[in-house]
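For reference, the structure is listed below as structure tokens.
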Amino acid sequence: MKVTVFGIGYVGLVQAAVLAEVGHEVVCVDVDQNKVDNLEKGLIPIYEPGLTPLVNANFEQGRIKFTTDAERGVDHGEMLFIAVGTPPDEDGSADLKYVQAVATTIATYMQSHKIIINKSTVPVGTADKVIATVSDTLKSLNKEFTFDVVSNPEFLKEGAAVNDCMRPDRIILGTQSAKAEKKLRELYSPFNRNHDKIIVMDVRSAELTKYAANCMLATKISFMNELANLAELFGADIENVRKGIGSDPRIGYQFIYPGCGYGGSCFPKDVQALVRSATGVGYTAKILEAVEAVNYRQKEKLFDYIMSHYQGDVKGKTIALWGLSFKPNTDDMREASSRVLMERLWEHGAIVQAYDPEAMEETQRIYGSRADLRLMGTKEATLSGSSCLVICTEWQAFRAPDFEMIKTHVADQVIFDGRNLFEPSLISEYGLHYYAIGRGLSVKAQQSASISS
Ligand code: UDX
């Protein structure tokens, strides 16, 4: 089938690549000529496992094409995906200007019936706005064509995006058009094996489903972070509590890992956007407001531990930092906890010596060259001359470090772990201080630090 994807970002590119992989003919349209040129040379703008070979193989076989020519894109596809960004506005609500711009473009060039599919995460009611924009534009151009607007939200996770797209656990179709449903069922049939994963519903419910999924997951995390903070104060160990509650299948083990807060392009933005949308209909979304507030506070957690350990003075200290991306297997730094930590440390005169397996270039791009940021080639290199070690991201490569080496090179022999990678008893065998999130030993370490001072 002929498909066009507007927006070659994370969602658009992965979706386009997997559609091409199963045999559909895909044209990707983006306004960024540089991005298009690079993709044609095989240079993929994001780091995502498995994506580069998938895109390049399909490009070589002519099943995926890249262009800035929107007219060509509209002409090509009977199904037109909108996968452009919906960045937060100043007040946290989703900014729909890119979505609306694509809707106008589609109406401007369409010469036949089109199925317009919204993949971007958009507030409830956006499909109606897209319908209005397309209708108004068609009318102003004296064109009379029919079209459908479908909500088909994406649930991929960064770092596992290709697999999530290839093997979706559900495919949500928000449409009441039998014609559009039939076409989309055909489009997705290669992904709809074993059992029917397609759930058809009205368009507003589909739009809300996307926010509901992300907000539920963010709620689980903030809930656990709140409990972790309580566990610390009660002298309990959140890791035991986590295992204890996760064994109940109604709760489950997933997304109950406490840590230094959630980041990424989805959870922070989507929680905020739903809070703002709720306000727009005269409702205060109290749970979601709390989810956001708890996460905001949790991102300060490592900095608080460090300040408490050093009695509020980190000026001139060199802090080794492992992990910059918001989670492993991505170079994405959006809303990463590491950023909050680094910025706080810099405000207080510390020097950060950091390493990340993938996000070094991105860090450099965001912060540029500055004397208080040293990007090191290996995790070991960050340790030399450091006072303490901080871990912000749970990359596999950080899970079994050489603790003797840490003890030798980290002057104050202390680890601040924002992802609870180690057993506190193991760390103390090496004679290291260990602060983790919601674990009893963090409290003990804090107490012994203040007693010794
Ligand atoms: C998320 C959703 O999982 C995905 O379904 C949706 O389509 C987009 O948003 P993503 O942002 O890629 O995906 O990352 P995810 O793996 O969900 O992690 C988000 C953040 O939560 C990370 O910062 C991670 O470290 C944190 N997290 C996750 C926790 O702190 N604890 C957990 O138990 C799980």
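Keep in mind that glycine also has a Cβ here, set from the backbone N, Cα and C atoms.
Just so you know, TrEMBL annotations are computer predictions that nobody has curated.
What TrEMBL annotates here:
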- D30, K35, T86, T121, E158, K269, R334: NAD(+) binding site (BINDING)
- F155, L156, K157, E158, K210, F255, I256, Y257, P258, G259, G263, K327: substrate binding site (BINDING)
- C266: active site, nucleophile (ACT_SITE)
- 320-424: domain 'UDP-glucose/GDP-mannose dehydrogenase C-terminal' (DOMAIN)
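Calculated from their C-alpha atoms, the gap between I256 (substrate binding site) and the residue listed as 'active site, nucleophile' amounts to 17 Å.
For the domain 'UDP-glucose/GDP-mannose dehydrogenase C-terminal' (320-424), the DSSP-based tally of helix, strand and coil residues reads 34 helix, 19 strand, 52 coil.
Ligand 1 lies under 6 Å from the Cβ of none of the binding-site residues K210, K269, R334.
Of all the recorded positions listed (I256, C266), C266 sits in the most crowded Cβ setting, with the most other Cβ atoms within 10 Å. Put simply, of the binding-site residues F155, K210, P258, G263, the one whose Cα is nearest the Cα of T121 (NAD(+) binding site) is K210. For the domain 'UDP-glucose/GDP-mannose dehydrogenase C-terminal' (320-424), the predicted model reports an average pLDDT of 97. Residues near D30 (NAD(+) binding site) in space but far in sequence (CB under 8 A, at least 6 apart, same chain), listed by position: F6, G7, I8, G12, V36, F66, T68. On the backbone, the CA of F155 (substrate binding site) and the CA of K35 (NAD(+) binding site) stand 24 Å apart. Counting only the Cα atoms, the space from K269 (NAD(+) binding site) to K210 (substrate binding site) is about 12 angstrom. Across the fold, the C-alpha of T86 (NAD(+) binding site) and the C-alpha of G263 (substrate binding site) stand 16 Å from each other. The two recorded residues, K157 (substrate binding site) and the residue listed as 'active site, nucleophile', have Cα atoms 9 Å apart. Under 8 Å, Cβ to Cβ, and six or more positions away along its own chain, R334 (NAD(+) binding site) finds G263, G264, S265, F326.
Across the binding-site residues listed here (K157, K269), the residue whose Cβ sits among the most other Cβ atoms within 10 Å is K269. Checked against K35 (NAD(+) binding site) by C-alpha proximity, the recorded positions K210, P258, C266 yield C266 as the nearest. Fewest other C-beta atoms within 10 angstroms, among the binding-site residues K35, K210, are seen around K35. When every Cα pair among F155, L156, K157, E158, K210, F255, I256, Y257, P258, G259, G263, K327 is compared, the largest distance found for this substrate site is 24 Å.
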